[in-house]
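Annotated domain 'NADH:quinone oxidoreductase/Mrp antiporter transmembrane' per TrEMBL: 23-288, in sequence order. Per TrEMBL, the feature transmembrane segment maps to 59-76, 96-115, 152-171, 178-196, 202-221, 233-254, 274-296, 317-344. Feature annotation from TrEMBL assigns domain 'NADH dehydrogenase subunit 2 C-terminal' to 290-344.
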Amino acid sequence: MSPTIYTIILSSLATGTIITMTSHHWLMAWVGLEMNTLAIIPIISTMHHPRSTEAATKYFLTQAAASALILFSSMTNAWSSGSWDITQTLTSPSHILLTMALAMKLGLAPVHFWLPEVIQGSTMTTAFIITTWQKLAPMSLIFLTMNNLSTTIFLLMGLLSSLIGGWGGLNQTQTRKIMAYSSIAHLGWMATVSSIMTNILIMNLLIYLVMTTSVFFSLIISKSKTIQDTASTWTLSPTLTIIMMLSLLSLGGLPPLTGFVPKWLVMEELILQGFNFMTTMMALSSLLSLFFYLRLAYTTTLTLSPNTTQTKFKWRFYPNTSAVLLSMPATVSIFLLPLTPLIIL
């Protein structure tokens with residue numbers, strides 16, 4: 001794809017998200033989501049390969065169905081209340097339709113099946129866009145309509161997503177699928193707290209975006225498509241190995257790192273609301289996720305790949321991916337925990 005076309009498509013992608021995030025009219029929000037979907041289809045199918053074509057088709061069908069549900073929800077609401085305003089109180093059928101549509105857009109369980117398949121069929125950069133930027137528009141709609149959406153449905157979907165995100169990632173060997181299940185699990189935590197405290201939802205989303213960016217850039221620079229590939233990361237750059245390990249452990253939510261902040265605050269808020277059993281289940285599901293993060297971290301830092309060559313470093317051309325982009329998200333995803341009191345206040 002030529003740089004000009006790629007720039008136009010990326011700007012359309014950004015414009016679609018911004019239109020959705022800034023709109024107060026349901027029709028404009030729908031237009032933004034449609035622009036977003038139509039812009040990413042060519043990005044997914046740039047690799048002229050059956051896997052990428054299949055991924056693009058799956059993505060288009062699920063997103064088109066979700067957009068149709070959002071439009072249908074807003075139409076039924078306008079029919080009964082006479083208002084197209086996003087912040088207006090929704091009627092009962094409308095908010096159920098909207099909840100399911102937004103869950104489909106995000107990839108929350110039980111409508112998550114498209115996400116691992118689409119991410120596995122696309123390139124690492126496209127997978128990065130799908131797991132980060134593509135979550136912003138649906139999340140902004142959840143933030144705007146949270147007062148009208150069903151708390152019970154979101155709590156159940158959040159719990160189910162965190163469990164499925166943990167279970168699904170255990171058996172994976174492909175790093176993209178692991179990141180997809182990681183995304184499902186993190187979205188589960190966000191969905192759980194979205195109906196209780198939206199401030200924690202935004203903070204959780206921002207920290208998730210930074211941590212995922214850090215891990216994806218590490219995988220892109222090291223060209224690690226499978227767990228086996230990560231074993232030879234040390235030959236590329238020992239520094240990258242350490243950054244990748246710490247980013248993965250942060251994504252798992254281990255205490256000295258940034259990833260612990262959202263889990264801590266979400267669990268504290270759930271306990272304050274009296275959801276003790278649910279908090280326990282969420283904590284146990286995060287242990288499942290932590291297992292596959294630890295496995296990736298272990299193969300990256302503590303395993304030597306069976307090399308026949310005697311050289312310490314990979315013979316390679318000058319790397320075509322800039323490591324400057326990695327420095328900021330990596331720093332934030334590792335060292336943000338001491339600033340937690342500022343975030344809370």
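Counting starts with 1 at the first residue shown.
The backbone N, Cα and C atoms fix where each Cβ goes, glycine too.
Within the chain carrying the transmembrane segment (59-76), a Cβ under 8 angstroms from the stretch's Cβ atoms is held by residues 26-27, 29-30, 33-34, 37, 40-41, 44, 84, 90-91, 93-95, 97-98, 100-102, 104-105, 111, 114, 118, 130, 141, all 6 or more beyond its ends. With a threshold of 8 Å between CB atoms, the same-chain residues lying at least 6 positions outside the transmembrane segment (152-171) that come near it are 96, 99, 103, 108-110, 112, 116, 177-178, 181-195, 275, 278, 281-282, 285-289, 291-292. Remote same-chain partners of the transmembrane segment (178-196), defined as residues 6 or more beyond its termini with a Cβ less than 8 Å from a stretch Cβ, comprise 103, 106-109, 112, 115-116, 119-120, 127, 131, 135, 139, 142-143, 146, 149, 151, 154-155, 157-166, 168-169, 172, 204-205, 208, 212, 215-216, 219, 227, 251, 262-263, 265-266, 269-270, 273, 278, 282, 285-286, 289, 292-293, 296. Nonlocal intrachain contacts for the transmembrane segment (96-115), taken as residues 6+ away from its ends with a CB within less than 8 angstroms of a stretch CB, comprise 33, 58-59, 62-63, 65-67, 69-70, 72-74, 76, 90, 130, 135, 137-139, 141-142, 145, 149-150, 153-154, 157-158, 160-161, 163-165, 180, 183-184, 187-188, 191.
Within its own chain, the transmembrane segment (233-254) has Cβ neighbours under 8 Å at 182, 211-212, 214-215, 218-219, 221-222, 224, 260, 262-263, 286, 289-290, 293-294, 296-297, 300-301, 304-305, 307, 311-314, 316, 323, 326, 330, 333-334, counting only residues six or more beyond its boundaries. A mean pLDDT of 76 is what the model gives for the domain 'NADH dehydrogenase subunit 2 C-terminal' (290-344).
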